[in-house]
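Right, one structure below, let's go through it.
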Amino acid sequence: MTKLDSLQGLRGIAASLVVAFHAVNSLKNAGWVPEYTSGFAIRGMAGVDIFFVISGFVMVLTTANKPRGIDAARKFMLARLTRIAPMYWLLTTFMVMLLLFAPSVFSTEKFSLARTITSYLFLPYEVKEAGHAYPVLYVGWTLTYEMFFYVVFAVSLCFAERPMRYCIVAFFVMLGLGSLIAQPNAFYWRFMTNPMMLEFVFGCIIGWMYTQRMKVPIAVSAFMAVAGILGFFVSPITPEMEHRFIFAGIPSALLVAGFVFWESANGWIPKLVLLPVGNASYSIYLTHTLTVPVIAHGLGHFDKSRALQGDVACVLLVMASIIVGYLAYLTMERPLNEAIRAFMKKTKDGTLQPETRVTPLVER
């Protein structure tokens, strides 16, 4: 697979946006009032939408012109699972241990066996108090969608490439339309027909355009990226917003397309800044759910009068969470991946090629 530094950098940006979104919420709960960063940070939730578009793009790119069939689908799913699950399961286990042996750490969370099992299996579990499908490590709800998308994509690999395109698009469009008839109390129906899954289709379309070596002038790619950024600021992006796949998904698609075609037109990418964070983006995304509230609580302990300006506290919190995530990448994620790759080489399934090793939200 062609290595795209622009995508890796965009993963780092997306992970940082999600961290900023949760950082502001944690600081508000701790008594700070970020004045200037709040309006920007709330749009950080769109980092998830960027991840979904990237996933669709990468799936097309990594399987283009590759063999089709049941064996190809099996290897595809194995590659996805061995790349996504280890780090997620490790942190989920850590959360479970805290819930079992140090429940006082949490104000409202309680251990649930059913929720724990579904978390490990990437299945949705309704937290009735929250009204959402939050696993034990709550950002794992996005991985549930990712895994569902991978299953659909794996099934499509059993067929010829061209029909595959139409099948994927038709399937997710039908799911999106199904959301129009979802009943308020039909949790699993609402979850599986979330129109956000159309963002995977956006990524697939961009991927098909890219694999056809479509030439996009560098000025047009720059315009798409800028339009995507502006779209985030003019769209009514809030946690309660409807039609998220339009207001956050379309700007995300424009941003991804702009970045990808900018690089293919030999546009300059600030690798020194973006790539380190991009490489660690999966660890940053997963670990920040633990580090953000802990660091926010620590700041509150040392600054009881809240003399530290809220926006400064937000920047410090985001930077600290990124650093912790990067350290987790160096000490946990990367060694895990290397160990798994070494093991796979010793087995029959070790025939998986390096270009098939792609992360859901973020990858090396």
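Cβ atoms are placed via backbone N, Cα and C, with glycine included.
Bear in mind that TrEMBL entries carry predicted annotations, made automatically and left uncurated.
Values in this document were obtained by computation on a predicted structure and should not be read as measured data.
TrEMBL lists 5-327 with the feature domain 'Acyltransferase 3'.
Summarising the annotation, TrEMBL assigns transmembrane segment to 42-64 (among others).
Sequence annotations record features per position, and here TrEMBL assigns transmembrane segment to 85-106 (among others).
According to TrEMBL, the feature transmembrane segment maps to 138-159 (among others).
What TrEMBL lists as transmembrane segment is 166-189 (among others).
Annotation comment: TrEMBL describes 218-238 (among others) as transmembrane segment.
Among the features that TrEMBL reports, transmembrane segment is placed at 245-262 (among others).
Long-range Cβ contacts of the transmembrane segment (282-300) within its own chain (Cβ-Cβ under 8 Å, at least 6 residues beyond either end) map to 11-12, 15-16, 18-19, 22-23, 26-27, 29-31, 51, 87-88, 91, 94-95, 137-139, 306, 308, 313, 316-317, 320-322, 324-326, 328-329, 332-333, 359, 361-363. Marked as transmembrane segment by TrEMBL: 282-300 (among others).
Marked as transmembrane segment by TrEMBL: 312-329 (among others).
Scored on C-beta pairs under 8 angstroms, the neighbour of the transmembrane segment (138-159) with the top count among 42-64, 85-106, 218-238, 245-262 is 42-64. Sequence-distant contacts of the transmembrane segment (245-262) (same chain, at least 6 residues past either end, Cβ-Cβ under 8 Å): 4, 6-7, 9-10, 45-46, 49-50, 52-54, 57, 176, 195-199, 202-203, 206, 209-210, 214, 216, 218, 220-232, 235-237, 269.
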